[in-house]
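Peer 1: This is the structure I have questions about; it appears just below.
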Amino acid sequence: MYNFLSCKKKSIILQVLLIICTYNILLNFVNIFVNNNEKNHKNKYENRIKSFYVEAYNWNFLEKWKSINTNEKLEYKINYNIGLNIDAEIGDFGDYNSDVKTDLILFKYDKDKLLSTIFIYVFSVKENKFIYHTEVSFEGKIMNVTAIDLNFDGALDVLVLFKDNKDSSKSNKYYVAAFLQNDNDQLEEIWNSKKKEQNDESITDNEEDNIYYTNIHPLICDINNDGLPDIIGQQSGGPDGFFRFIWINTRNGFKSFLWKNINIFKYSELDEITNPNSSAIVDINGDCKSDLVFTVYNSYEKRIGLEIWLNKIIDGKSFYVKYSQDYLLPPNSLQVLFGDFNGDGSIDLVVPTCVKSSFCNYCCVSDDKIYFIPNIQKKICDSSWKKPDETKCRPASNLCSESDFEFQQNLTDDFISVVDTSGLHLSGNADYPYYLSVGDIDDDGYLDLLITLKNDKGQKYVRIYKNELKIHYEENSLEVRGFYNFYQFVTSPEESVTDVYNAAFFDIFENGVLDILIFGKYITSNKKTKYAAVGFIRNNETDSLFLKSTALNGICVNDCYKEKDKITTKTLGGNAHGPTFKITVIDVNGVKSSRIGVQKSQSAHFPLQLPYVLFGLGRTSNYVEEFYVGMPTHEQKYYNMWVSIIPNSHIIVIPYPLNNSNKWQIQLSVNPSKKFYSILYITLICLSVIGVLIFILDRKEKVEDSKEELGFKSHFVIG
């Protein structure tokens, strides 16, 4: 008995020592990890490229925010070593080489040669930076770039909007050129509407529909349900002073058709699309099927509004049906943003406004505001214990059901956020209409804004405006959100930095954490203007989780090489416009909510949207219970649903075939935390120590048992 108690005491002492040992190992690992990070950042800072310099710091009044913990302040460190010293303008984002890394599509116009060049820079995992990949040049001045799969082969192609550089008139005459990625990863021009016009070559089956250019930046979406991206444009002329048309994609080019001659639109009176415009393909009524939204000049109200065309099935056939009335935007509206800003599962609007002046090419000079305009429709049913009334709410098992909707009409001060009171104004002008960048910086489930500002002296600022609850209306359970200055990036006061023309959220290392890319211009020592960019990397983590989702465009991915001459190695370059995602998540208080996101919803005026949807899940220890994806098709079955998705993962949806959603598949890859390997090493060390101790104690116990057994046998005499 004494030996047993002695052994037990020794076991307890060893366990205490084991805990102390584990704590010391963990502490040392954390210290080494932090010190290495600080050294790396210091070295990178010392080796920075000094041509384009930006500083960053937290905004002071953040200290009084009750909702932000001291431990949760964002920390951004500038990184000059990720290959962003590129003398070209940013055009779009996409996965060019199908390695699940987002690449850069850039361009530059040479005034002397009258040529534009498209550059592809891919992110190299080996070198941990963006590296040059390929380029292509053509005659014309680029006005917009869209990276998208044009011929349905899974490889990322490039669609360019350009002006004739020999046209001295100030008319908005935009032509289109299509560049396909060939088997050698190079871009080849396969269609050019300007060349078709010069050669007097017909691009339509009906001579009335022969259209070579558009007067607005077009909307890109699949109109005729073949999975190929089409183009909706507008031209001056006709009895109304304008007419709409569509360039239908034929895989190796486009054919033009007048809007009125296409039988999928329930035709009614049209208004003129504005220039600039922020038209979109986005789910307005919550049925997981994207609708068409155009920013138009309402001829009756003499104001800019949203013209909405709902994607509906009528008597077994698909139509776009015009909504009964336009939604009139606030006066002096700029580029409209679409997203689930209050986290209730419906697409809301965020509209920046300002007073402009013709003296600075219609830039903002006063009264800069941000309007939050909620989309009021059926929410998710709040209880799973009783049968829900589906006329008042959506059950989690049927989130993709159509609902009546209404955008908030009475926009009081509760719905308005003031941008700045110290003389800063929203960036952009008539030549470069500026979009705010949208993303959830802290994965709390609410979309924040990245805004470029300027003062009267020309100095540029980039700020993160945090999305916070402003007021809750009890009568209709409506959360009103506001946007507040949260984090600031300031350009160098030196005169060499002449402009910051754009900024965007970007997940550089594909870890579910949004970093910042800032794009600008500077003057070299020999007085030449060059483009450049800098990256700010998030170097701290919150305890919030995320879900990243990407939908392909409907190409076959698995086992389709049997039907082709060769194996297709590129499948992730679709950059599909309009797929809709809906998820449900339960927070730490047990409250279930739904979220919605739309992939690549806009295409005009360089919106710089990422080729995926990043959901912030907040603090939750649960799975994503339901995950829906809907494709912008005209099929009866256009969406599918999966359950129990692991957080902190990237889901790739393979909607093949497009006409049968029951056969759609998903691929899931889990993104480990930054501390995953440290935790793994510490766990292995602890398990090894525990294993050794168990072995020692087991051997000792067997020795003690052997001695006791011998002592017990000595009391017996064998005769």
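Cβ coordinates come from backbone N, Cα and C, glycine included.
What you see is a predicted model, and the numbers here were worked out from it, not measured in a lab.
Straight out of Swiss-Prot:
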- Asn144: N-linked glycosylation site (CARBOHYD)
- Asn277: N-linked glycosylation site (CARBOHYD)
- Asn410: N-linked glycosylation site (CARBOHYD)
- Asn540: N-linked glycosylation site (CARBOHYD)
- Asn659: N-linked glycosylation site (CARBOHYD)
- 1-32: signal peptide (SIGNAL)
- 33-677: topological domain 'Extracellular' (TOPO_DOM)
- 698-719: topological domain 'Cytoplasmic' (TOPO_DOM)
- 678-697: transmembrane segment (TRANSMEM)
Peer 1: Per DSSP, Asn277 (N-linked glycosylation site) is which: helix, strand or coil?
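Peer 2: Reduced to three states, the DSSP call for Asn277 (N-linked glycosylation site) is coil.
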Peer 1: By the count of other Cβ atoms within 10 Å, pick out the sparsest of the glycosylation sites Asn277, Asn410.
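Peer 2: Comparing Cβ neighbour counts within 10 Å for the glycosylation sites Asn277, Asn410 gives Asn410.
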Peer 1: Taking only the glycosylation sites Asn144, Asn410, Asn659, which one has a CA atom nearest to the CA atom of Asn277 (N-linked glycosylation site)?
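Peer 2: It is Asn144, whose Cα lies nearest.
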Peer 1: Please give the average pLDDT for the topological domain 'Extracellular' (33-677) in this predicted model.
Peer 2: 87
Peer 1: Using a 10 Å radius around its CB, how many other CB atoms surround Asn144 (N-linked glycosylation site)?
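Peer 2: So the Cβ neighbour count for Asn144 (N-linked glycosylation site) comes to 20.
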Peer 1: Could you state the CA-to-CA distance between Asn144 (N-linked glycosylation site) and Asn659 (N-linked glycosylation site) to the nearest Å?
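Peer 2: Given the Cα positions, Asn144 (N-linked glycosylation site) is 32 Å from Asn659 (N-linked glycosylation site).
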Peer 1: Would you identify the secondary structure of Asn144 (N-linked glycosylation site) according to DSSP, in three states?
Peer 2: strand
Peer 1: Return only the integer: C-alpha distance in Å from Asn659 (N-linked glycosylation site) to Asn410 (N-linked glycosylation site).
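Peer 2: Here the two Cα atoms lie 41 Å apart.
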